[in-house]
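J.: Below is one structure. I have some questions about it.
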């Protein structure tokens, strides 16, 4: 009763208070008020509701200097507390958490039931010992983990930072935990941010603050953050009077929306470029000041810190079913014994036996009541049938397994100095039961090291053959480590075999390109030394050999432009081809977010000496340089007022619409102030940002580029190879150096950043030589081609553009066929259109609701009617060992689907290179959203493989040598509810599936569809943020700690440095973990059932009275202590097959996929075996001591000893790998049992009156009969299992002989999975090694699994 009351109180305390704050309750309350108060009250209620909804969706932050009281009292402080308990709440809360496990509730109930005198079977205090021990062990473990979290919290909360004090009018040192929302914080270089801070001031002359976000997303490259617009002068916190409206706290690291309202009423938009996140480190900035927006647990970093994930494994779910069957068995045998006891008592009639137990009132009990009481008593006696120690043992074994996996040096990557991470501790056995693998391509199968290979400009292709030879040298340098395969050509395809053009079944009759774009290990080591802290800057990536023909044209173009600049000739005199070439390289140089740094001062921005000269010259631009006409109409009121605050060009700092860009309002101001001119764009005699030098003299070495993605770095390095170098980047300008022209500064008006929806990036700049507002765009060809300007074939210019587009598309197809990643480059001159667009874009920026959609539509309006300049082909090299890993996983019966956002041709070529697609198999391509297409594909499969299709329903694995390739649009159509079954039927009938142009949402939908519809075990592996949803949906998520940050790792269950390590993780460790735990669980059920059955047989000789011939101490501690340690060692260290064999014969992985180690019938076979062994262990001593004068415990103690010997010997048969720890654990268990027995029997003469165990074990050790029983009984009990194993070995040798006849190759074993599965066994064929040469001879059978028994 007391325990039940405590549990009820805990549950009550955990329930949230029910308040009417949700929308539903508010609506119902509003309805009632409306009916009561009439129309006037209705308006008031709606107004309150509207304000309430707004407050629920936004946060208002005021500075703490405005009021004496804290103006933000309802927001969380900065003190973090990741602990779960306090000194007062630990005991009740920990017990509450442990009682979520049904087994613990059951055992507590049994222990409390033993306190009832009428039904108790043991001493109440002793009955509590097991459950108290289990709960205490778990509580101590939880307490230690919570104490470690407490120490970490204390250390973090007591870190120092500078906070502005309104009383002292200066910054004072405070602990992190004392920081509050609205405080002003001064940040210094190399200091960690204590909270999410809005940047208001920076010591950087460009109003920038550089941060390192490695602790959040794993990216080591620096990122720029910008001061909020209008805070451009020296910042004084006491003069701050603005109010901030922003979104509620959320865990999206890449989004921040809001605006700041000044005293004048003017609004400035806030975006993620203004927010400094908690946990980031200030770099390259001496000092910065900001205001705290989110603190403590409301910061984005804390909201993303979910800790280790908890999942229930498939094996655990199966185990729970068998636990339920154990409960059923317990109820059946207790009911049987209760009925027997009632009948036995009924035969006495009114004459009660002398040993009858009276009721608490001293009266005789009826047979029915006696049966009921006995039922409860037997529940206590037979409680060990439910394995109380199994759950704790499983946790211990899993922790040990994770430790052993971490210690595997084969899973350590020396290049990146990283090893496997296990973030989910309770699903290790699921690694051995995977059936489907869903993999990303870029960064997962490939290195994500982009190397510039080829390009096409103005319809002319430049192959860069010298650059290709340079890349080949990197592989030749490692020829001793890796075999490099030659490049193949483009493959012919035969025509469609279906009536639809989009569905093509292709037979790769010729050998495909099998070259491995594998990275060089030695090159990677050199790169890590040369690049230091800079990402994507290895020599292979940045040392690009230019194409001679293209280099000649670039120089020719530059010289002509230099000539025209000197003579003030208009730009129209420059030929279109040369103009496209120079614009192409300008786009490669400036259309990015690359930060320039200096190598001699790592992670510090270059500050060139000519910056002041540029600003001085540009200040007189309006008087010395003709410009284009801009706005002629006056601006509206709010814009006019906001524009008046901007007084000079150097103040144009701010944030972007989608990334970083100058202030939209200041840009509108400049456009309005500039004088209109209708002259043709010309070159000024002296360029405004030209200092007369042909090159920039860097005494400190070459510049280094800090890029956020490898694509950006590859293109910038490619442009630099043609002497078009990026030399400086400011918030409002980008400086490049061109041959013959020197340094040019492009005024940066806007940057529309890249995202997975738009699949493109654009920059809006004012050309320094023509003053034209130009939009440069780069992106996926599938997007850019749709945004090109409609062609007018009536003139020569339109015909030229049509020719360029057609040729470029052909070259794009060739690049994709060669496995290159393609990007299209385009431009547009936007003068008068830009000003109108900018005004509309400003409205979208300041919106809170639906801001993303408004910005998307706004960007789309600007990025239309583009002119195609050219395209690039960038190579992403395969990781080391990917082809071998994919081949091994497929031989293991795993189905691998690749879900990528790349172009179809690129993905297909990579799939052939990594052996996902076989040249000899047909390929079905689906490129059109049509229901008929799926029906025709399914019909084709049924016609060609009807026999295979009819048999695949019994197996989750695919049987056709057919590959499926589907693009994103068709996939979106196929995932519709009405078509998903047909799509799944087609996909599961194919050997390989490749989904191209797929979005992150489509990836997760595909994984969820396969997992839910086919009821299979799925694994998703990826390396980027776009793979997070797929990783979280799968049964097991694996993250690659690669080039794209740590988002995938933080969302995963396991993290790997390289894809190739997945082979050993699944085939070796997954197989071992599953085999160990499956056999350990079955052994637990057997052991407990065998021990309980001994007590059950005795009930037939004691009138089903619930008596036990085994001492209660042995009953309590038999499973808890005497037989616990050997099975823990076996469950942790046992290896049914060696690691070398498992990797050489991946087909053995099918054992776990089919759950061969733990079938439902195995549970019942173990139950039958346990009842048989208990019969032997019970009746052999029974007949041995028949008609003797031994007491009850003198007969029961040998039974306990024999049961222990039989159980340990049974475990020895199940053990496949013997180590010194196995021997030690068994010896320790036997020694512990006899030590406890001897001490207990010697010191307890009156422990269980009238019988007592005094000197029982001592007398048994003096009897020869005892030793004879210890020899005969275990052998007899285990004889059937031993005989079954020997007969299984004969079957194994027979199958082994058939296997030898089926072998084709004599040098390598190949196991036929169908042959083995028909025998319902898993046979490990191991070549016998002879002599020093260890040549492989015909195979022999090593181990066989039948019904859970393994024969050596």
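Glycine residues also receive a Cβ, built from the backbone N, Cα and C atoms like all the rest.
Since this is a predicted model, take the numbers as computed values, not measurements.
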J.: Need the matching range: TrEMBL marks transmembrane segment on one of 83-101, 102-120, 159-177, and I'd like to know which.
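T.: So the range that TrEMBL calls transmembrane segment is 102-120.
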J.: Give the range, chosen from 1029-1049, 1113-1133, 1134-1154, 1302-1322, that TrEMBL lists as transmembrane segment.
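T.: The listed stretch tagged transmembrane segment in TrEMBL is 1113-1133.
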J.: In TrEMBL, which of the ranges 18-37, 38-57 has the region 'Disordered' annotation?
T.: 38-57
J.: Cα distance, residue 1027 (Mg(2+) binding site) to residue 440 (active site, 4-aspartylphosphate intermediate), nearest Å?
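T.: Answer for this pair: 7 Å between alpha carbons.
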J.: Could you pull out which residues elsewhere in the chain have a CB under 8 Å from any CB of the transmembrane segment (1223-1243), counting only those six or more residues past its ends?
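T.: For the transmembrane segment (1223-1243), the sequence-distant neighbours (Cβ-Cβ under 8 Å, at least 6 residues beyond its ends) are 1111, 1113-1114, 1117, 1121-1126, 1128-1129, 1197, 1201, 1204-1205, 1208, 1211-1212, 1253-1258.
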J.: To what whole number does the mean pLDDT across the domain 'P-type ATPase C-terminal' (1049-1284) round?
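T.: For the domain 'P-type ATPase C-terminal' (1049-1284), the model's average pLDDT rounds to 89.
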J.: Can you check which residues sit near residue 442 (Mg(2+) binding site), meaning Cβ under 8 Å from its Cβ, same chain, 6 or more apart in sequence, and list them in order?
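T.: Looking at Cβ-Cβ distances below 8 Å from residue 442 (Mg(2+) binding site), excluding near sequence neighbours, one finds 448, 821, 876, 900, 901, 902, 1023, 1024.
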J.: Taking the Cβ of residue 1027 (Mg(2+) binding site) as the centre, count every other Cβ atom within 10 Å, in any protein chain shown.
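T.: The answer is 31.
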J.: Determine how many residues of the domain 'P-type ATPase N-terminal' (71-125) DSSP places in helix, in strand and in coil.
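T.: Counts, helix then strand then coil: 23 helix, 0 strand, 32 coil.
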J.: Is it possible to get the count of other C-beta atoms within 10 angstroms of the C-beta of residue 1023 (Mg(2+) binding site)?
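T.: For residue 1023 (Mg(2+) binding site), the count of other Cβ atoms within 10 Å is 31.
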J.: Tell me the Cβ neighbour count for residue 440 (active site, 4-aspartylphosphate intermediate), meaning other Cβ atoms within 10 Å of its Cβ, over all protein chains shown.
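T.: Other Cβ atoms within 10 Å of residue 440 (active site, 4-aspartylphosphate intermediate): 29.
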